[in-house]
Amino acid sequence: MRIDIITIFPAFFDALDISLLGKARQTGLIDLQVHDLRDHTHDRHRTVDDTPYGGGAGMVMKPEPWGDALDAVLPQATDAAAGPAVDGPLVIFPSPAGVRFDQAMARELAAEEHLVFGCGRYEGIDQRVVDHYAARTRVRLVSLGDYVLNGGEVAVMAMIEAVGRLIPGVVGNPESLVEESHENGLLEYPSYTKPASWRDLEVPPVLLSGNHGAIAAWRHDQQLERTRRVRPDLLPEANAENTHSTRG
Ligand SMILES: Nc1cc(-c2ccc3cc[nH]c3c2)n[nH]1
């Protein structure tokens, strides 16, 4: 997979040189490039923002640097008249106004060949940037959650981690990707390791029994109990109630 990130804070992504994603980059599993938006400005002060039309607080990111930066990482943008290319890169702009990112979207993005992330700052990016590229390729506004960050970088870091770990070969043991929170729609079961007793706290005896059927059943029960307690909205019956019957 190829990933391009456009940001005014390229150093923010130095963390992607380490750990599993750093190794995936070194081995060529992921071709990740970080681009400084200011390299696509043409004035002495490398200006990327200006005051908002219509007034209001804060600054808006100018469209010209974004146009130059995105043109540099996208294949020759198709003519708008042809409509958005369905097979080209997927361009993602983090935004509080976006579709909520979740594990299902992470799995979807992990199947893409080329992702381009545009990190906004200030009050956001001139809307014409989104509109221009949405007419030529696939563009998605994505929210990390219902809270406000100062820019897109944290959201992009989280998405790249969630997506990158799903790419075959990035995580050593793919089995470890299966029994995780949200993989089967439920929260994960609690985990324990040695010592069997720690500060008078014991490991649940079933986990020491060697009875794999009983262990699997206990773990599933723990998933259900934890999901009911912490995230009842994830339970199948909660979703079943939300689907309106067609029988009137
Ligand atoms: N889920 C979420 C995304 C954001 C976000 C994304 C981009 C920008 C640009 C300026 N402020 C931003 C905030 N906040 N919360």
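Any Cβ shown, glycine's included, is placed from N, Cα and C.
Here is what TrEMBL says about this protein:
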type    : residues                                               : note
DOMAIN  : 1-236                                                  : domain 'tRNA methyltransferase TRMD/TRM10-type'
BINDING : Gly120, Leu144, Gly145, Asp146, Tyr147, Val148, Leu149 : S-adenosyl-L-methionine binding site
REGION  : 227-248                                                : region 'Disordered'
*Check Tyr147 (S-adenosyl-L-methionine binding site) against DSSP and tell me helix, strand or coil, would you?*
coil
*Tell me the Cβ contacts of Gly145 (S-adenosyl-L-methionine binding site) under 8 Å, same chain only and six or more apart in sequence, or just say none.*
Arg100, Phe101
*Record lists Gly120, Leu144, Gly145, Asp146, Tyr147, Val148, Leu149 as binding S-adenosyl-L-methionine; longest Cα-Cα distance in Å?*
17
*If you count the C-beta atoms lying within 10 Å of each candidate's C-beta, which of the binding-site residues Leu144, Val148, Leu149 ends up with the smallest number?*
Val148
*Same-chain residues at least 6 apart in sequence whose Cβ lies under 8 Å from Tyr147 (S-adenosyl-L-methionine binding site)*: Pro96
_Sparsest-packed among the binding-site residues, when each Cβ's other Cβ atoms within 10 Å are tallied, from Gly120, Asp146_ = Asp146
